[in-house]
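Features reported for this protein in Swiss-Prot:
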- Thr49, Cys50, Asn51, Arg52, Ser101, Glu106, Pro107, Gln108, Gln112: substrate binding site (BINDING)
- Cys50: active site, nucleophile (ACT_SITE)
- His91: site 'Important for activity' (SITE)
- Gly181, Ala182, Gly183, Glu184, Thr185, Ile186: NADP(+) binding site (BINDING)
- 407-432: region 'Disordered' (REGION)
Amino acid sequence: MTLWVLGLNHQTAPVDLRERAAFAGDALPRALESLRALPQVSEAALLSTCNRTELYAMADEARSLVNWLETHAPGLSGYLYQHQEAEAVRHLFRVATGLDSMVLGEPQILGQVKDAWAVARAHGALGSGLDRLFQQTFSVAKRARTDTRVGANPVSVASTAVRLAQESFARLNESTVLLIGAGETIELAAKHLSEGRVRRLLIANRTLAHAQTLASQHGGYALPLTDLERHLAEADVVFSATAAREPLVTRVQVEQALRARKRKPMLLFDLAVPRDIEASVDELSDAYLYTVDDLERAVEDNRRGRREAADQAEAIIDLQVARYVETLQATTRQAPLKRLRAFGDSTRDELLAKARQQLHNGKPTDEVLEQLAHALTNRLLHPPTAALRDAALNNDLELTTAADRLFPEKPGYQHPPIATPIVRTDDADPAP
């Protein structure tokens, strides 16, 4: 089995395609179950965020994974990136460290990678290969963020959106802000807004208790999601980030809200994938809509300022990838030796138990020992004998040469080490 990662992100695919490729809620466990049912796949994990959808798998080949993704979201194959083995390891290390994020060094992605691992493990989709990889990923990401400043004062998508709102409304402290959702992104937005002060903070969520908790922490007012349309006209600024599959804020609703506001401008930030706000809202005069793709341009300055720390983190990742691959290769090299030893031990135990039973039954010791030695020799030598016979028939020189080194003609003979060629210099004496 080969380690593969296939995915798309904010750099390779537009937001509408990322919407279709996303896995949310109950769709994620069902997708993992579907993946594990593929005969070519032994392990799988899915990472799905607003900016990326990635499939990590131990599989025979990549084509079956591409086909599976195409079934989930037709038309995405042209936007996919694909890595295997060491490059797949490097990719996951970079993702978890925040080096592949829209906002360089953002901290949320590590938690999202941990969530992907936990869900895959809880639903039986992980084996020893991917589990080991994810565990090492958490260690590498922690070290990179501790030893460098790549995660220092990170600028998140939420904080970038709040900053844009502050720049657009010179007196944001006199404005009413509506937050839709109560997840991590909205929590961050609420935190930044409460630090900068707003006149009124409304928080609408499907689960009212979650909105009430967030409102109590930041001095806001909680609303059930069913009251969203009624309060939309009150909002000067709207931030939305939910896991809804369909838009929660429509063009018609915003148009009605603008009329009620007497065309007073409204600023909307759609931080969700799939999108929470209909894209056509941006066509309305006095409505200004930003999506996560728009925010990428706003965070580019931050990305440049953190490049030096990122380079240091990249060096740590390069070293850790090399060490991880070396460990895997050593484990792979040891596997045949372990199988050989296990075969020898099980054969010995089986035949020894049989010999002891024969002695217990009164069979002569010499006869039992003779049979034991004969059976042990035949049982242990049968697999290599059969393999060498096939090698000779198929002219497999590599295997027969290896056998010559393993089984020299003279008992006790040790093959000399392979000599290092002598390189003559230009001024060396010519051979006589």
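The backbone N, Cα and C atoms fix where each Cβ goes, and this holds for glycine too.
Listed in sequence order, the residues Gly98, Met102, Ile109, Val157 complete the 8 Å Cβ shell around the substrate site centroid, once Thr49, Cys50, Asn51, Arg52, Ser101, Glu106, Pro107, Gln108, Gln112 themselves are left out.
In terms of local Cβ density within 10 Å, Ser101 ranks first among the binding-site residues Thr49, Ser101, Gln112. Note: the Cα of Pro107 (substrate binding site) and the Cα of Glu184 (NADP(+) binding site) are spaced 11 Å from each other.
The local packing around Ile186 (NADP(+) binding site), expressed as other Cβ atoms within 10 Å of its Cβ over all shown chains, amounts to 25. Local packing around the Cβ, expressed as the count of other Cβ atoms within 10 angstroms, is greatest for Gly181 among the binding-site residues Pro107, Gly181, Gly183. In the three-state DSSP assignment, the secondary structure recorded for Ile186 (NADP(+) binding site) is helix.
Among the residues Thr49, Cys50, Asn51, Arg52, Ser101, Glu106, Pro107, Gln108, Gln112 said to bind substrate, no two Cα atoms are farther apart than 15 Å. Summarising the environment of Asn51 (substrate binding site), the number of other Cβ atoms within 10 Å of its Cβ, over all protein chains shown, is 24. Within the same chain, the residues at least 6 positions away from Cys50 (active site, nucleophile) whose Cβ sits under 8 Å from its Cβ are Arg18, Ala22, Val157, Thr185, Ala241, Leu271, Ala272, Val273, Val292, listed in sequence order.
For Glu184 (NADP(+) binding site) paired with Asn51 (substrate binding site), the C-alpha to C-alpha distance reads 14 Å. Considering only the recorded positions His91, Ala182, Gly183, Gln112 (substrate binding site) has Gly183 as its nearest partner by CA-CA distance.
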